[in-house]
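Below: one structure, written as structure tokens.
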Amino acid sequence: MSPKTETKAGTGFKAGVKDYKLTYYTPDYVVKDTDILAAFRMTPQPGVPPEECGAAVAAESSTGTWTTVWTDGLTSLDRYKGRCYDLEPVAGEENQYIAYVAYPIDLFEEGSVTNLFTSIVGNVFGFKALRALRLEDLRIPVAYVKTFQGPPHGIQVERDKLNKYGRPLLGCTIKPKLGLSAKNYGRACYECLRGGLDFTKDDENVNSQPFMRWRDRFLFVAEAIFKSQSETGEIKGHYLNATAATCEEMLKRAAYAKELGVPIIMHDYLTGGFTANTSLAAYCRDNGLLLHIHRAMHAVIDRQKNHGIHFRVLAKALRLSGGDHLHSGTVVGKLEGEREVTLGFVDLMRDDYIEKDRSRGVYFTQDWCSMGGVMPVASGGIHVWHMPALTEIFGDDSCLQFGGGTLGHPWGNAPGAVANRVALEACVQARNEGRDLAREGNDVIRAACKWSPELAAACEVWKEIKFEFETIDTL
């Protein structure tokens, strides 16, 4: 049996909490290549030793409970237990630590983000001995990565399907997000697509409401896609939101989209759930549909610095579960996102191999072992004046999505789309000529205004619009 431990009362927690550190705090442990590694930002209750808290996190997220039980003797805890193998004080924070925990791979079902999260971010987050707990990062070993399908297609296959290379893709979320009839909604999509955008998008809360049922929306949007394609000679798409009350209904909507011949559908992966998302990603891979992922609800989970789950973990989970696009913030728009932190998890979404880099919040080296990449989507409060910064920050393998920044154009949707496309092409050309967009971006946009009245009108409307607030979640 595992060694019995003394139950004692201590400051900050009630009698009956045992000393986890005797079994689960192992600073001499040598990490295995197959271990799943977690970095937790941990704030103990006053009087609780950090070693005890780190061990408690390891125990309660793996094999442990609050007392020794006789059935411990029926298995090998040394083989299956999580281990807190390192503690690191957080600079500038009193009584806060990064606890590093190693989990044996055998604790987790193959190919299941749901099972992975149920253990690692489960009941332990309500543990009384902890004032706060946040999962900052996960290292997914190659042996576990290979049990997942990952993105249905990935960045390169998407570009091949769309026949679009050498620039970011352009999108637009249709507004108002709720209340339009299906026919008017389809017309708004058509105007944006014929104006030069690659995609339009359902808002995350557009499902199948009384004012616009899903089947009607799918039909009118498909008409908009095909009409704009025939006029422009470019492949177009619209993120048809297949999120539904049940998995069965979700897959029915996906099947109807395939029947219509549209190239891409959409899912709200956090509100819809990882099980549903993985099922939908498998359907998309089998049926040639691209899958756009919205992160609605993420800020409830990731925005607080001391408690919850950092978005880089949610992004890794999405890459495992499956998605071709994922919203990732803008750095410069209306939504939360520090530059270096954002670039850190954008690389984790797109690249094959990412080195540990604490300056960008990357706690572990991550090898995706040739799993397809996820295209980051920059969306939220952006307009034409942001185009140079967005092009410079996100690079070519990204989708820049302007909702109000397209539909708010004084001349209408199509001129708004023209303005965005002209601004993007001007920025890409300037970058390819070797110009510094960070320094010369505004000059590039002003020069393009001289031969694009649509862009000039957009620049005039949004010349004073800025979202300059301090980021809450900093390194």
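Quick reminder: no glycine exception, Cβ is built from N, Cα and C everywhere.
Under DSSP, LYS175 (active site, proton acceptor) is assigned to coil, being neither helix nor strand in the three-state scheme. Annotation source Swiss-Prot lists active site, proton acceptor at LYS175 (among others).
Marked as active site, proton acceptor by Swiss-Prot on the basis of sequence analysis: HIS294 (among others). Residue environment of HIS294 (active site, proton acceptor) contains 28 other Cβ atoms, counted within 10 Å of its Cβ in all protein chains.
For ARG295 (substrate binding site), other Cβ atoms within 10 Å of its Cβ number 23. According to DSSP, ARG295 (substrate binding site) sits in a coil region rather than a helix or strand. Marked as substrate binding site by Swiss-Prot: ASN123, THR173, LYS177, ARG295, HIS327, SER379.
The Mg(2+) binding site annotation in Swiss-Prot covers LYS201, ASP203, GLU204. In the three-state DSSP scheme, GLU204 (Mg(2+) binding site) falls into the coil class. In sequence order, ASN241, THR243, ASP268, THR271, HIS294, ALA296 are the residues of the chain that are 6 or more apart from GLU204 (Mg(2+) binding site) and have a CB within less than 8 Å of its CB.
If you look up Swiss-Prot, you'll see PRO3 marked as N-acetylproline.
Under the heading N6,N6,N6-trimethyllysine, Swiss-Prot lists LYS14, citing sequence analysis as support.
Annotated N6-carboxylysine per Swiss-Prot: LYS201, in sequence order, evidence recorded as sequence analysis. Here LYS201 (Mg(2+) binding site) comes close to GLY171, CYS172, THR173, ILE174, HIS238, TYR239, MET266, HIS292, GLN401, GLY403: these same-chain residues lie at least six apart in sequence, with C-beta atoms under 8 angstroms from its C-beta.
Under the heading site 'Transition state stabilizer', Swiss-Prot lists LYS334.
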Looking only at DSSP and grouping its letters into three states, which state does ASN123 (substrate binding site) belong to?
helix
Based on the record's binding annotation for substrate (ASN123, THR173, LYS177, ARG295, HIS327, SER379), what whole-number value in Å is the widest Cα to Cα distance?
37
Which entry in the list of binding-site residues, ASN123, THR173, SER379, has its Cβ near the fewest other Cβ atoms, using 10 Å as the limit?
ASN123
For LYS177 (substrate binding site) and ASP203 (Mg(2+) binding site), determine the Cα separation and express it in whole Å.
6
